[in-house]
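Shown next, in C-alpha cells, is the structure this report addresses.
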Amino acid sequence: MHGLLLAAGLLSLPLRVLAHPQPSTSLTSQGVDLNAYRMADRSSYMSSDEMKLEQPSISSLSGGNYVETATEVVKRMMPGVTFRMVDDHYVGESGISHVYFRQTMHGMDIDNSDFNVNIGKDGKVLSFGNSFYTNPTPDKAPVEKRDFSDPMKALHGARKALNLPINADKATIKSMNEHEVMFMGTSGALSDPQGKLCYMAKEDGTLALTWRVETDMGDNWLLSYVDAKDTDKVHNVVDYVSHATYQVYPWPVPDPTEGKRAVLQNPWNLKASPFTWISDGKNNYSTTRGNNAIAQANFDGGSDYLNNYRPNNKNLKFEYPYAPNMSPPKSYIDASVTQLFYSANMVHDLYYMLGFTEKAGNFQVNNRNQGGKGGDFVILNAQDGSGTNNANFATPPDGQPGRMRVYIWTKAKPARDSSFEAGTVIHEYTHGLSNRLCGGPANSACLNGMESGGMGEGWGDFFATAIRLKPNDNRNANYVHGEWVNNSPRGNRMFPYSTSLQTNPLVYTSCNKYNEVHAIGTVWCSILYEVLWNLIDKHGKNDGPTPVFENGVPKDGKYLAMKLVLDGMAIQPCKPTFVQARNAILDADMNLTKGANKCELWKAFAKRGLGTGAKYDPKNRTGSKAVPKECQ
C-alpha cells in the first residue's frame with residue numbers, strides 16, 4: 001500500500017450537531033464535557049472600512065472573475081502559503097460572491113485554517129476573513145517519515161477519551177485514499193467511523209499532526225482530533241449536532257397556549273418550493289415527505305428513518321386530532337409529525353427567500369440545476385426516543401442530509417411534545433442555516449468555538465423570536481424562549497429578550513463570566529433584538545409570513561433585520577467573534593442598502609456594549625458604547 005491507510009475526502013468534513021433549546025454541554029449520556037475540547041476562536045476579519053484604510057491595494061482589486069480575484073487576495077495576503085480552494089463558492093442572492101480556501105501543508109489540510117473572501121456586486125473585494133497558520137512548519141511530510149500512529153489506535157483513543165460506546169474489537173481498516181480511512185466492522189455508531197490524517201493549529205500557536213476521527217453517535221456527531229503520535233491525547237472535538245391540507249398551529253402561533261389550530265391548504269411558497277412540499281420533482285408523495293424534508297415518528301431513537309411510521313393520506317388531507325391534554329404522546333403522533341413537517345418547511349421557504357438557496361448550501365433533494373449539492377433534505381424525527389427535554393440538529397456538509405430530533409418534554413403533566421413549539425423547530429433549523437453559511441457549504445465546523453458556538457445559539461433564538469412577533473408589538477415587547485415546553489414563565493434562558501436594560505441587563509462584557517454557549521448565545525440574541533427594533537422603528541413591520549422586496553431589499557424592518565443577519569453569516573470568517581459578526585452585518589448593510597442603516601445598527605450594537613471600541617479577549621472582553629461620529 002502506498003503512503004497511508006486512509007478514508008473519504010471532503011465528504012468527511014464534519015457535521016455540526018447542535019442540541020438545544022435546553023442547555024447541555026455534555027456528550028449525551030457519557031458524562032464528558034465537550035466544552036473542554038472546543039476549538040479556540042482565532043479568526044481575523046477585515047471589514048470593508050478597515051480594508052480601505054489598511055489594505056487599499058486589496059480593496060481596489062478587480063477584473064477577471066470573482067474566483068480569480070479572491071484567489072489573488074489570498075496570494076497577496078499570505079505569500080508563500082500553500083492552500084486549496086474549497087469547491088463551494090457561489091454568488092449569493094444579495095450579489096455578494098463568497099469564495100472559501102483551506103490551508104494545506106505537505107499535501108494535507110490544516111483542518112482549522114481557513115480563508116474566506118467576499119466580492120461585492122461591483123466586482124471589488126468587500127471583505128475577508130482569515131485563520132491561516134503563520135508560525136514555523138515541519139520541514140518534511142509525515143508520509144515520508146512515517147511519523148504517525150496506526151489510525152485504529154486513534155479510533156481507540158477517541159473512544160477512550162470521550163467514553164464512546166463503540167465496539168471496535170473486530171474492526172478493520174479500509175483505505176479510501178492516501179490520507180483517509182474508514183473503520184469497518186464496528187458497532188455502536190450510526191454509520192462506519194472515518195479517519196483523516198490532517199494538521200491542527202493548536203491554541204498555543206504550534207501545529208499538531210492529528211487523526212480526525214468522525215463518529216456519528218446520534219445525539220452527537222463528532223470530529224475528534226486525536227494526536228497522531230500520542231493517541232491518548234485528544235486536542236479538539238467538533239460536534240455537528242448543535243440539535244395539501246395540514247391541520248396545524250399556523251405561523252406565527254408559537255405554542256398551544258397562544259392560538260388555535262387551523263386547516264391550511266397548499267401553504268407552500270412556490271418560489272422556494274416549486275415542487276410543493278410533497279414532491280421532489282421526480283416522485284410525488286401522499287405522506288410527510290418531499291424535496292425539503294422527510295418527517296416521521298422515531299420512538300426508538302434509531303437511524304432507520306426511511307422505514308419509520310409517518311402519516312399517509314391519498315387525498316392529501318393531513319388533518320389529525322390533537323389537544324395539549326392528550327396522553328400518551330403516541331396517541332397524537334400523526335398530528336405531531338404533521339406539525340413538525342409544516343414548521344420545518346415554513347422555515348425552509350422563508351430562509352430561501354432571504355437568501356439560503358441551493359448554491360448557498362440549503363437542504364433539498366433536488367436542486368433543479370440551481371447550484372450546490374442536492375440529496376440533502378432534512379430528516380425530521382418526531383417524539384425521538386433517544387432523549388427527553390431537548391432537541392438537536394445535525395449539520396453535515398452540503399450534499400448530506402441534515403437531521404433534526406425533537407423530544408418529549410417531561411416538565412409538565414401530561415408531557416409536552418416539542419413539535420408543537422414553533423420556536424424549538426425554528427431554533428434547531430437555524431443551526432443548519434448558520435453552519436452551512438458560515439465558512440461555506442462544505443465546511444460545517446466553523447461554529448465550534450465558545451463565542452462562535454454561542455452565536456449559533458443566539459441566531460436560533462433571534463430568528464425564532466423575530467418570526468413570532470405579534471401585529472400590535474412595539475419595542476417594549478418582551479419575549480421568553482421555551483416557556484411552553486419548559487412549563488415555566490422563565491423559559492430556558494437567563495432573561496427575556498427585551499430592549500429594556502432593566503428587564504434584560506446583558507451586555508457584551510457579560511460574556512466574560514460565562515463559559516457556556518447558551519449563556520453567550522443569550523447575550524448575542526439580546527444584541528440582535530436591539531437591531532431588530534431599531535430597524536422596525538425606521539422601516540415598519542410586515543406581519544405577513546413572507547417578506548416583500550424592493551430591488552432585493554426587504555421593505556420592512558423585521559425582514560430587513562433577518563436578511564442582514566443572514567447575509568452577515570455568509571460574510572463573516574470561520575469561527576467568528578461578536579466583533580467580527582457585528583462588522584459582517586454592517587458590511588451586509590453596506591452591500592444591500594449602501595449603508596442606509598449604518599447608524600441604526602451601530603446604536604443597537606453600542607447599547608449592549610458592542611460599540612466601536614469593543615474588543616475581543618476570551619477572558620477579558622472590552623465593552624464600548626461609542627458609535628461613529630456621524631451617528632452621534
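A Cβ is built for glycine as well, from the same backbone N, Cα and C atoms used for every other residue.
Marked as active site by Swiss-Prot: Glu428. In this structure, Glu428 (active site) is part of a helix by DSSP.
The annotation Zn(2+) binding site is assigned in Swiss-Prot to His427, His431 on the grounds of sequence analysis.
Annotation source Swiss-Prot lists N-linked glycosylation site at Asn284 (among others), citing sequence analysis. A sphere of 10 angstroms centred on the C-beta of Asn284 (N-linked glycosylation site) encloses 13 other C-beta atoms. In the three-state DSSP scheme, Asn284 (N-linked glycosylation site) is classed as strand.
Residues annotated as N-linked glycosylation site in Swiss-Prot: Asn591 (among others). Counting only same-chain residues six or more apart in sequence, the Cβ atoms lying under 8 angstroms from the Cβ of Asn591 (N-linked glycosylation site) belong to Ser94, Gly95, Ile96, Gly120, Lys121, Leu126, Asp567.
When secondary structure is read from DSSP and collapsed to three states, Asn620 (N-linked glycosylation site) falls in the coil class. Cβ neighbours of Asn620 (N-linked glycosylation site) (same chain, under 8 Å, six or more residues apart in sequence): Asn512. Here Swiss-Prot flags Asn620 (among others) as N-linked glycosylation site.
Marked as signal peptide by Swiss-Prot on the basis of sequence analysis: 1-19.
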Euclidean distance between Cα atoms of Asn284 (N-linked glycosylation site) and His431 (Zn(2+) binding site), Å: 28
